[in-house]
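Feature list (source: Swiss-Prot):
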- 1-29: topological domain 'Cytoplasmic' (TOPO_DOM)
- ILE48, THR49, GLU121, ARG131, VAL162, TYR281, TYR282, TYR286, ARG366, GLN370: folate binding site (BINDING)
- 51-62: topological domain 'Extracellular' (TOPO_DOM)
- 86-89: topological domain 'Cytoplasmic' (TOPO_DOM)
- 111-114: topological domain 'Extracellular' (TOPO_DOM)
- 138-151: topological domain 'Cytoplasmic' (TOPO_DOM)
- 177-181: topological domain 'Extracellular' (TOPO_DOM)
- 201-266: topological domain 'Cytoplasmic' (TOPO_DOM)
- 293-300: topological domain 'Extracellular' (TOPO_DOM)
- 324-329: topological domain 'Cytoplasmic' (TOPO_DOM)
- 378-391: topological domain 'Cytoplasmic' (TOPO_DOM)
- 400-412: region 'Required for substrate-binding' (REGION)
- 416-423: topological domain 'Extracellular' (TOPO_DOM)
- 449-512: topological domain 'Cytoplasmic' (TOPO_DOM)
- 478-512: region 'Disordered' (REGION)
Amino acid sequence: MVPTGQVAEKQAYEEPRQDHELKSWRCLVFYLCFFGFMAQLRPGESFITPFLLERKFTKEQVTNEIIPMLPYSHLAVLVPVFLLTDYLRYKPVLVLQCLSFVCVWLLLLLGTSVVHMQLMEVFYSVTMAARIAYSSYIFSLVHPSRYQRMASYSRAAVLLGVFISSVLGQALVTVGHISTYTLNCVSLGFILFSLVLSLFLKRPKRSLFFNRSTLARGALPCELDQMHPGPDRPETRKLDRMLGTCRDSFLVRMLSELVENARQPQLRLWCLWWVFNSSGYYLITYYVHVLWRSTDSSLSYNGAVDAASTLLSAITSFSAGFLSIRWTLWSKLVIAGVIAIQASLVFCMFQIRDIWVCYVTFVLFRGAYQFLVPIATFQIASSLSKELCALVFGINTFLATALKTCITLVVSDKRGLGLQVRDQFRIYFIYFLMLSITCFAWAGLDGLRYCQRGRHQPLAQAQELRSPLETSVQAISLQDGDLRGPQPSAPQLLSEDGMEDDRGDLRVEAKA
């Protein structure tokens, strides 16, 4: 039994230490959120299309030569940047992202040829691939019990930065009557400031895959053999250790877990939604500003529309967290309904030649997509570990990028069909329409099977009737570190489609 004096002395030692850790954590959170906010302040981003057209680039060059370079280069750099992000422990990739933004705006301001603008797209693809570094970085520095709060803080900072940036850009153009060139110079100033901030970020000591702690890795069978060697011969023990290392390596275990979890219908469904819907979504955002320009070149409320769509996206994604339905039964029908709404909005965009209709339909289109993003995130993560969740999101992002690259090559690139922007939107309308019909048919078949049984389907998971928000709150109490344990509160390593990427949405809209 510990003497009372020693207990009091230990408590007196622990209390200042805990206060110091709490103060340090708060300072770190504030600095990270401030960096996330400042990194989004690029008010000229919503007006890049008018700027390019003022620089005497034609609509055909922007549509069929400049923009297609973005998905091509994004596909090329996505996997290397993803691996470097974890291997270098996040901070160097955040600095690289800021440097790439500097190169983007220098080329935008100083470039004079299509090749310069294509090179600008290459640098911007690096910034798109590096977005995962911020969302991964903030979770590597805090205890798992603070994941939920960190997700909300960082997400709020990013959304606020996107909203303020769009409002500021629109105000400077409409009220201040400044030129788009000056607006891009202001953006470059903000980017340089965010670059300075990135240099003072704290570098984590661990990461998710390559720099895992000893406790997270655990003792492998070969390590146990070394501690308790058997009577076998040295050569046999060495061979067994090598085979055990390969068999029980972290990557092999993750892949085996992925194959096992791929049998879950809900996981397959939402991964398919992520790949196919996000591809169409980003194709729309790539080219929507060109569509606006071709509809009415006298009005330019790009910043206001971006701000409104960001606000609506935040509202719809937040409200989705409180939606409580039986997802095993209704997922396909909800997805089909939302995609049908998206298809009708895309139809209105290219068919009704009114700029205000184009503005409103795009705001609604973006809000509809962001409504399903948090639902998909929690449905995918509901039975996956933190590491496996990151791997699945990475695979989904890669497949979505590959799909939109193929569509771009066929539809947009001058080496393919080279369609004008309005004809492209017809293709995208057919794309969403076919997705909707497929999901409705899929839901109908499930409904027929359900009716034939004449009884309720058993719930696949205990949290089926809960909302994603309730699911994530429950997951906070789960143990962090077991590869097989469900951890839906895992870091939101959303590469391109979650709310962490909202700034990227505005950029590709502006570039389009």
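Even glycines carry a Cβ here, placed using N, Cα and C.
For the binding-site residues listed here (GLU121, VAL162, TYR282, ARG366), the lowest count of other CB atoms within 10 A around the CB belongs to GLU121. Using a 10 Å Cβ-Cβ cutoff, ILE48 (folate binding site) registers 29 neighbours. Secondary structure at VAL162 (folate binding site), as computed by DSSP, is helix.
Look at ILE48 (folate binding site): DSSP puts it in a helix. In this model, the topological domain 'Cytoplasmic' (86-89) carries an average pLDDT of 83. Here the binding residues for folate are ILE48, THR49, GLU121, ARG131, VAL162, TYR281, TYR282, TYR286, ARG366, GLN370. Their largest Cα to Cα distance works out to 25 Å.
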